[in-house]
């Protein structure tokens, strides 16, 4: 803050009450031209990419150059290098070659006239070429609506077709000649496209007309233009609705003439059973099936053997109506229901690697002599009937009872057993009980220990809480022990209350004499009106609170007994 104005005088404790000299305020004045010439005036300038240097800019201060665009350094908004000269947005219509007419010097007129009349006669103007392809014959009177197609022409002039070929008599005749359903839909699509292109041509004509009129006079009133636009658009919509109605009637006639195809149910093949059925009973063999419901059999490959099955391998709650052949090998996850037919020892499927909740019902007789003991990789809470065989699994099971003689082959057992790696029911050693009790003792907060100051010559003592009235409410002074002790060289009794602290501060210190009011108050309180300590100047209400009402009665009796 180098430019901050400094204090003109020093203000301290010696001259703070002295009057300051009034400060003369100056006035702003305009500097002369000579002073301005000597000053250096700097202006902030924007750095432009590819611009001139700072020296050139300083020299060009007096020149009023055109301001450059902020985005002049950005080439994205620039025009392409080989772009042609900018022209009218509808310049593509200038290259359209109009058909030959009887006179080469005849001017052309748009088919859509927006309320602007011409002074030329009907004999001087032939049929013109329309952008939207509607042939018209010009007349002297202004026409608010576009001229319809006319059969009569002037001077033998033929009506010209549209440059877009939208309204063509040949197309209309060909579309009316078709009667099939496919040709009818194609014709309706063409007619819809014709309607859209007609509306687009109408919009282009309006925009071109508006641009021409705005170029001549920007103050012209355009209300007649939009009125004529509404009329032209309504005519196009009426024509389109007429085409749509005729197309619908032709389609209805074509459909009424089509023969109705009949499908015989008896000739259809029976429906094949699906591979996966969820809660749906299988249909009995030989039942009639819809011809559209035919589905191929599902082929299931397991290893190198391909087996085509007609019954579902995975069935949830469904019951098969006939005995299905048992596959050679079962699935890794066995979720199939047990077939109703009797299973032989040779056809018994192998046990699943992961079996969730399935009970092993195989007996010792059905097992071959050369086969290894069948065990599950992971068995969750299962009980096997083969208790006499050891478990060869790396993980012997979670919550499964041990096998008996083969306990040594177990890797980890999460059961209540005596193995070294037992995580089932871990019993802590007995020696750890003592440290646990010590930790509990350490968690308890330490009690405040203090040495109570005891009055040896006291004839009565009682622990109480002292309240002294200040203004309108009682204030807590503290908890202590009340003592009644005789005064030396006197028959009077001293009432002393010491706080339960190491210092034993005196809370109440007075002599019991006649005239001190004392009474019971509340449930367990004794009220006295006295001077609590010699330091107090005036008497106030003193409230002594004990634990029970009996103790309060006993305390009141002792105090009244020793008042003399």
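Cβ from N, Cα, C; glycine included.
Annotated by Swiss-Prot as region 'Disordered', the relevant range among 339-383, 519-563 is 339-383. Averaged across the domain 'RanBD1' (455-564), pLDDT for the predicted model comes to 91. For the domain 'RanBD1' (455-564), the DSSP counts in helix, strand and coil order read 13 helix, 55 strand, 42 coil.
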